[in-house]
Amino acid sequence: MLRSCARLIYKGITLPRQQQNLHSLPCSYTAPKFYSQEAPRDYGVPNTTWSKNLLDLYNKYMEGSKSGTWKRIPSYNATVHYIKGVPPVRNREKRLFTRNLDQDGVGFEYCMFYNKAERRMVCLFQPGPYLEGPPGFTHGGCIATMIDSTTGAGAVYLCGGVMTANLTVDYKNPIPLGCVVIIDSKVEKIEGRKVFTSCQIRSHDDSMLHTEATALFIKLCP
């Protein structure tokens, strides 16, 4: 092989060079464009796929928001964590992982409420059929995603921008698809740039503990 290459070089024939510019390589997918003149959709409000249990919990926390105890957090498909005063991104081809489906009810159906006094972020979560892991149950990775999203939102609302440094999940009881669970997270302590949080996932009626977790976040600004 080496002798053959040497002969080609000796005769002035150049071997083809592999293109190293990654930007010139064709993509394996095409991202559709979602340009719209309409106001961005808030996914954190009820739609027709929400079950009675999810609606009941939503209404319960909305009642708490009237007294100022809880505050509903808007949810958009192009913003990781909504911050008041910062308009949601529009005309963006990328989508937030938990809001990347066009059909309601088949993936991540959830809404979040924040309690500033208790440093708690609660997420009401109804997993759809596209999140299946073991037959009939929610994939563990999807559960971890929602824990990361909920604890991260709580850290952001208390401390500003953060990044996940560590996530430890203890799965205790599987979560059936279509059921409603409460993801209850709390910022436990802050040490310098480190934000320590805890989290539990319980059934809608608090009768079963599905998951426990801890997460460590690092504040982006000192």
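From the backbone N, Cα and C atoms, a Cβ is placed for every residue, glycine too.
Feature list (source: Swiss-Prot):
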type	residues	note
TRANSIT	1-34	transit peptide
ACT_SITE	ASP148	active site, proton donor/acceptor
BINDING	LYS172, ARG193, LYS194	substrate binding site
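Known features from Swiss-Prot, placed on the structure.
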residue	record	Cβ within 10 Å
ASP148	active site, proton donor/acceptor	19
LYS172	substrate binding site	11
ARG193	substrate binding site	14
LYS194	substrate binding site	14
Between ASP148 (active site, proton donor/acceptor) and LYS194 (substrate binding site): CA-CA distance (Å): 15
Inter-residue Cα distance where the pair is LYS172 (substrate binding site) and ASP148 (active site, proton donor/acceptor), in Å: 17
Substrate binding residues LYS172, ARG193, LYS194: largest Cα-Cα distance, in Å and rounded to whole number: 31
